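Listed features, source TrEMBL:
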DOMAIN    24-81  domain 'Acetyl-coenzyme A synthetase N-terminal'
DOMAIN    83-468  domain 'AMP-dependent synthetase/ligase'
BINDING   Arg191, Gly192, Gly193, Lys194, Thr309, Ser522, Arg583  CoA binding site
BINDING   Gly385, Glu386, Pro387, Asp499, Arg514, Arg525  ATP binding site
DOMAIN    530-608  domain 'AMP-binding enzyme C-terminal'
MOD_RES   Lys608  N6-acetyllysine
Amino acid sequence: MSEQLVFQPSAAAIARTHVTKTQYESMYARSVSDPNGFWAEQAKRLDWVQFPTKIKNTSFAYPDVSIKWFEDGVLNVSYNCLDRHLETRGDQTAIVWEGDTPGTDGKATYRELHDRVCRFANVLKANGVKKGDRVTIYMPMVIDTAVAMLACTRIGAVHSVIFGGFSPDSIAGRVIDCGSKIILTADEGRRGGKTIALKKNVDEALAKTEGVEKVIVVKVTGNPVNMVEGRDIWYHDAVATVDADCPPEPMNAEDPLFILYTSGSTGKPKGVLHTTGGYLVYGSLTHQLSFDYRNGEVYWCTADVGWITGHTYIVYGPLANGATTLMFEGVPTYPDASRFWQVVEKHNVNIFHTAPTAIRSLMGAGSEYADKYPMPSLRLLGTVGEPINPEAWTWYRTHVGKDRCEIVDCWWQTETGGHMIAPFPGAIATKPGSATVPFFGVQPVVLSPEGRIQEQTKAEGVLAIKDSWPGQMRSIYGDHQRFVETYFTQYKGYYFTGDGCRRDEDGYYWITGRVDDVLNVSGHRLGTAEVESALVSHPKVSEAAVVGYPHDLKGQGIYCYVTLMAGEAGDDALKAELRTWVRKEIGPIATPDLIQFAPGLPKTRSGKIMRRILRKVAENDFGTLGDTSTLADPAVVNDLIENRQNR
Ligand code: 6R9
């Protein structure tokens, strides 16, 4: 082993592991040489109405990309997450809920959850929802949100969960794109002592869209909201009149399960489409093995269900495995920076999974918050969402894990459905900052920017994947061509991840971040094009270019270069106005950190904005701008440097 620090799995982790190092190696080899045999065996972890006889039928060959797994299998996701556990663990807690306000909590056993899901499903049916219909969910972190998702899967409806931080415009765009006729929401959400006006946002979104016939509103805070006669229904009223019995709809393994919108490098967010069988096999297997989950353990992933991590690793993976999964409504720093650790001790959490941005902000608040809590129940710590700097990794291990917990850094994407590169905790030694080695069936390749495959172990380039795995997205909803163009054209024959990476001499992968125009702000994906189009929709803005720059807490900050309409003055008041504008257009996560008014942007003679230069200036690294000979007007650059905002 080489490269700085290496941590071998602890004796305790080795003693309990589902997969030893030797098993990892032989199983990985088989998953690649005999995917049909390997995944047929793994599929047995689910209960099928009809077990598949066809396992893998996939092609990455441009332009006929097609991905099918278990294609003649029949199953139901909610059955696998609920019904099949009733006999053995009906009274076990399925979901522990911890509210935003300390002292508020709740829980649902598997039996209770099953009952709630069946009733919610009947409410959906009573409101006209049928198999294949798209259902938009814009809800906070409460148990009813998981219930709503599972209720959709019970009747074969396709959910599209929208993160509660997105704006009315973002909701409208997503509702229109998937043609959803029903929205499930709540009066308000709670986060960090504040309320979020979910219903009000839905009302504003619906003022801009047609086609939504029903809005079902769950009462969460109880504050008054506007209810539109004939369209809006209180959930508690609707549920009072339905039956508790709702048989699960038998679904084909390749029937759509959900759509989740995510940012890409161009255009509007894409509706990433996942299907039923492959997603659940992959999500449950990765949940069990990456965290070495054992029956009876309490597992807590701090993500929001509005993101893929919440889908796979709060709801579907854990529940398919009969786990106890914790849902947290709040934020890491409310009421103060010890909240996470209080919750870990209160609920005896064994496995804790969060994001580097949270780790960095808690580290920044001072180690004493974590040091005060011994957290004896903890045995494993996960990190996901962005590259973790070795300093934060080490802090996490020492101050949260007390040097006794395994650290599991999981690299994956909305598109991949589940973990792709992550250490098996009792098998794989870890190195701070590396997501380590591929999961079963995942064949990473490192390509040169020109697309040459780097055969030698030690290599650097862009990360692509050679062949399909069951959790892979199947398409972009309503636009298969865009799916093919986005992921399979740049490097023919491979799935292109959009990430850069380094592979060290031990074959460990180190993800270096996006190589396309996608920002990762506090673990949230954001296309620079989205922020740019929000900016240029402001009447005073003529042109905008947005780039990322290193930010201590957020990982990346949002740096905006803005050219104003003739005669407009770029002052602090306008900066504040533009910040509010972008928040309103997209949501608070897109709020610009730095805005620089620029009389002109650096362009090539053919009119292309030279982002490389803008990135360098934003990084305050303007000494090495590289080749500027193709610039149409070199004077522009001097002005940019002189007025740079990141000093
Ligand atoms: C799961 C999720 C995906 C992008 C991905 C990469 C970054 C996620 C990471 C990581 C380094 C990790 N990313 N996990 N980078 N190490 N462990 O976050 O999905 O929101 O689609 O973002 O996030 O850049 O391409 P998603």
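Cβ atoms here come from the backbone N, Cα and C positions, even for glycine.
These numbers come from a predicted model, not from an experiment.
On the structure: features taken from TrEMBL.
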residue: Arg191; record: CoA binding site; Cβ contacts under 8 Å, 6 or more apart: Asp100, Pro140, Gly164, Glu329, Gly330, Val331, Tyr334
residue: Gly193; record: CoA binding site; Cβ contacts under 8 Å, 6 or more apart: Asp100, Thr101, Tyr334, Pro335
residue: Thr309; record: CoA binding site; Cβ contacts under 8 Å, 6 or more apart: Cys301, Ala303, Val384, Gly385
residue: Glu386; record: ATP binding site; Cβ contacts under 8 Å, 6 or more apart: Ala355, Pro356, Thr357, Gly513, Asn520, Gly523, Gly555, Gln556
residue: Pro387; record: ATP binding site; Cβ contacts under 8 Å, 6 or more apart: Pro356, Gly433, Trp510, Ile511, Thr512, Gly513, Gly555
residue: Asp499; record: ATP binding site; Cβ contacts under 8 Å, 6 or more apart: Trp411, Val462, Leu463, Ile511, Thr512, Gly513, Arg514, Val515
residue: Ser522; record: CoA binding site; Cβ contacts under 8 Å, 6 or more apart: Ala355, Thr357, Leu553, Lys554, Gly555, Ile589
residue: Arg525; record: ATP binding site; Cβ contacts under 8 Å, 6 or more apart: Thr262, Ser263, Thr414, Val518, Leu519
residue: Arg583; record: CoA binding site; Cβ contacts under 8 Å, 6 or more apart: Ser167, Ala590, Thr591
Legend entry - Contacting recorded positions, sequence order - Arg191, Gly192, Lys194, Ser522, Arg583, Lys608 vs ligand 1, Cβ under 6 Å: none
Inset, instruction - Find, for the listed binding-site residues Gly192, Gly385, the residue with the lowest Cβ contact count at a 10 Å cut-off, counting only other Cβ atoms. - result: Gly192
Legend entry - Additional residues around ATP, ordered along the sequence, whose Cβ is within 8 Å of the centroid of Gly385, Glu386, Pro387, Asp499, Arg514, Arg525: Ile511, Gly513, Val518, Asn520, Gly523, Gly555
Legend entry - Greatest inter-residue Cα distance in Å for the ATP-binding set Gly385, Glu386, Pro387, Asp499, Arg514, Arg525: 13
Inset, instruction - Express the distance between the Cα positions of the residue listed as 'N6-acetyllysine' and Gly192 (CoA binding site) as a whole number of Å. - result: 42
Inset, instruction - Starting from each candidate's C-beta and looking 10 angstroms out, tell me which of the recorded positions Arg514, Lys608 has the most other C-beta atoms. - result: Arg514
Inset, instruction - Reduce the DSSP letter at Thr309 (CoA binding site) to three states and note it down. - result: helix
Inset, instruction - For the domain 'AMP-binding enzyme C-terminal' (530-608), give the DSSP counts of helix residues, strand residues and coil residues. - result: 24 helix, 27 strand, 28 coil
Inset, instruction - Please list, for the domain 'Acetyl-coenzyme A synthetase N-terminal' (24-81), how many residues fall into helix, strand and coil according to DSSP. - result: 26 helix, 11 strand, 21 coil
Inset, instruction - In whole Å, could you give the widest CA to CA gap in the CoA site formed by Arg191, Gly192, Gly193, Lys194, Thr309, Ser522, Arg583? - result: 24
